[in-house]
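Going by TrEMBL, these are the annotated features:
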type	residues	note
COMPBIAS	152-169	compositional bias 'Basic and acidic residues'
REGION	152-191	region 'Disordered'
DOMAIN	212-290	domain 'DEP'
Amino acid sequence: MGDEAIMSAKEHGTCTKPPMKPLRWGCSYRTADRICCFNRHLAEFAGYWMQTSFIDDVKKHQQENKKIVFYDTIYGYALFEAPVGRTWNELLEESQAHGWPSFRDQEVLSSHVRVLGDGEVVSDGGSHLGHNLPDHKGNRYCINLVSIAGTEPKEQPKQKKQQQQDKKGNNKGLDGGGAAAASSAFKEDGEESKEIQNLQNLLLNEFATKYVKDRRYMFRVYKKCFVGKDLVDWLMSRKELMVERKNETAMLTRSDALAIGQDFLNMGFFSHVLGEHNLEDKHLFYRFQRDGGAFRKPGRRKTGPMLLISNIFKWYKSDFPAKEGGTFGFIRQHHPELKGEQFRKLTDNDVTIRYQMYDWRLNSVENGKKLKPLLFGTVTSS
């Protein structure tokens, strides 16, 4: 269990320094800096870890029947070692189902890992790692790959001995529960905030002027939208977004640009026109929120409303079987706009469901009450 003071303001956001370079598996430095040091509830986009070279590394370790030790991106602490008590296939299957690398109690090296009262998982140095989302099997640590993509410090004479001690004493888990809810405001330093604001202005002016237009797909025209691939190309062309690689200044890779664009989608700056995709480097249409965001498909046969709800309902869809009313049946019991008789007999087959990124602030009991609309979503009438 950890104290909220761990995440107090330091020299670099909640950390004493920025991420190390280079990061393992080709992880984005900028995304790591933002997620680890200036963030309490946002995450890399779901499936990000599958777009890195991490999978190739896993295959190598799988063939050699070896584990991987995951190191803190900021400090190089050994945080997790996996797989333990299960196979690589089982770990990957669980991680794919939920969108992020998922670890269990026996895979935690507890010397530097802390769980705060609202479920936020952090290192004792103040870097944000992810969240603890327990299920029927016990604690499940849902962790950003960019937060554990560090490398082992060269001088660590006591590291292996400490890891062995950690493995012996961590089976009880880290989540004590019942602590006061932590503040979960999205935090950034002044320089980072200014950089984001400048980029937003460029997107809404320079980029929008050139790329935002009415576009046709099949028999429908989508108003005021842009193409995901064009956004990635544009971000890569920006000299102010150049990064350092091996002590040299270089342009963004497509992976870097995609991660930056996804950060803006996560913040609600823009969305897929139908709310069906994260940012993809493809010919998919997206729309800025100022221009209307996600619209529903016209002429659909479904008679019920369209719901924009939290992604967590997608992760745990099996928990809402049709015979018990499905996802819509559960949401209808809690959403104030769905109490009417006209909604009582509707099922998942009658409504259109779109998913939005899960807001980690909901893990706090206190914040959960305030931010309930983020979980149960918004409703658009037919």
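Any Cβ shown, glycine's included, is placed from N, Cα and C.
The domain 'DEP' (212-290): residue composition by secondary structure is 28 helix, 26 strand, 25 coil, according to DSSP.
Summarising model confidence by region, the domain 'DEP' (212-290) averages a pLDDT of 82.
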